[in-house]
């Protein structure tokens, strides 16, 4: 018969190993090796957003699309080569994902400040997303650091795992569940659509064909800049204040003014109606939950320790000597 003390010891060891695995990421990872790293990222992000307010949403989206494809490892930044199946040409990213030049600028400035490449591109994406939200008057949070960069990318995984604007609620729930994210995370992180724009082709079917679940004046207004055919890349804001972090995205959903089918799916008589209502009335609660879910998303399958590498150029795998 196994003694209780042995069972306790066994559980304690398993728990300790789990804590050690998580502790590979820490909020003070660069404090000794490069204390200028985080202030440098913040400075470049703020400059980019002053130059173009839309860039904040673009940098946030890069982090999101990175984490949903084999974890937060900067695979989204790799260019196509004979051996790299770039995620930049995946359906969700092709002629859509943007901000790569800003990431390049951050990497250059950070490596200059540190004297050598010690900060990973994956960590740059995570911190730039946080700093973008803060610059647009959203919440802040402690970004756990120590991610390393992948040496591979997968367009097919990006096509399969990045949620699409055409998904209904069950598909969204399953998509997020695959990443270890629950329904609360789904609603909170979807609130990232308080920032930015979408292209006409992503919401055309909604504004012309979903007559039972869309406010008619809102639909007509969007139709003015998104015809039934052509003009696929014409932009419309995801909420009334696309460069301000607020709760109007959720107010729009309650009023049947969600731009994307996947947005309105969050408020369509299903189990996510209640949190949408709550966030529409309470910006503080939304901000708190958004920050918590961003931390959770940022911890999806990071490469740590000796896994992966620290790229010299975020667009290319660094050749090892």
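Each Cβ is built from the backbone N, Cα and C atoms, and glycine gets one as well.
No curator has checked TrEMBL annotations; they are predicted automatically.
Annotation source TrEMBL lists domain 'Plant heme peroxidase family profile' at 24-318. Here TrEMBL flags 34-114, 67-72, 121-314, 200-226 as disulfide bond. Look at TrEMBL and you will find 61 tagged as site 'Transition state stabilizer'. Feature annotation from TrEMBL assigns active site, proton acceptor to 65. Positions annotated as Ca(2+) 1 binding site by TrEMBL: 66, 69, 71, 73, 75, 87. The substrate binding site annotation in TrEMBL covers 163. Annotation comment: TrEMBL describes 193 as heme b binding site. TrEMBL lists 194, 239, 246 with the feature Ca(2+) 2 binding site.
On the structure: features taken from TrEMBL.
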| residue | record | contacts (Cβ under 8 Å, 6+ apart) |
| --- | --- | --- |
| 66 | Ca(2+) 1 binding site | 72, 73, 74, 75, 76, 77, 122, 125 |
| 67 | disulfide bond | 179, 297, 298, 300 |
| 71 | Ca(2+) 1 binding site | 300, 301, 302, 303 |
| 194 | Ca(2+) 2 binding site | 138, 238, 239, 241, 244, 245, 246, 247, 248, 249 |
| 200 | disulfide bond | 225, 226, 227, 231, 232, 233, 234, 235, 236 |
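Residue density at residue 114 (disulfide bond): 17 other Cβ atoms are found within 10 A of its Cβ, drawing on all protein chains shown. The number of other CB atoms found within 10 A of the CB of the residue listed as 'substrate binding site', across every protein chain shown, is 21. Looking only at Cα atoms, residue 314 (disulfide bond) sits nearest to 87 among the binding-site residues 69, 87, 193. Within the same chain, residues at least 6 positions away in sequence whose Cβ sits under 8 Å from that of residue 61 (site 'Transition state stabilizer') are 97, 99, 192, 196. Listed in chain order, the residues near the Ca(2+) 2 site other than 194, 239, 246 are 191, 193, 195, 238, 240, 241, 242, 244, 245, 247, 248, 249, 250, each with its Cβ within 8 Å of the site Cβ centroid. In space, 121 is the closest of the recorded positions 34, 121, 193 to residue 69 (Ca(2+) 1 binding site), judged by Cα positions. Here the C-alpha separation of residue 34 (disulfide bond) and residue 193 (heme b binding site) works out to 33 Å.
Rounded to a whole number, the C-alpha distance linking residue 193 (heme b binding site) with residue 65 (active site, proton acceptor) is 14 angstrom. Neighbour density at the Cβ, taken as the number of other Cβ atoms within 10 Å, is lowest among the binding-site residues 73, 87, 239, 246 for 246. As a whole-number mean, the pLDDT of the domain 'Plant heme peroxidase family profile' (24-318) in this prediction is 98. Less than 8 angstroms from the CB of residue 65 (active site, proton acceptor) sit 76, 87, 92, 93, 97, 158, 162, each of them six or more residues away in the same chain. The two recorded residues, residue 121 (disulfide bond) and residue 163 (substrate binding site), show a Cα separation of 23 Å. Here the CA atom of the residue listed as 'substrate binding site' lies 36 Å from the CA atom of residue 114 (disulfide bond).
The record gives 66, 69, 71, 73, 75, 87 for Ca(2+) 1. Within 8 Å of the mean position of their Cβ atoms, the other Cβ atoms in that chain belong to 65, 67, 68, 70, 72, 74, 76, 150, 153, 154, 158. Cβ packing within 10 Å was compared across the recorded positions 69, 226, and the lowest neighbour count falls to 226.
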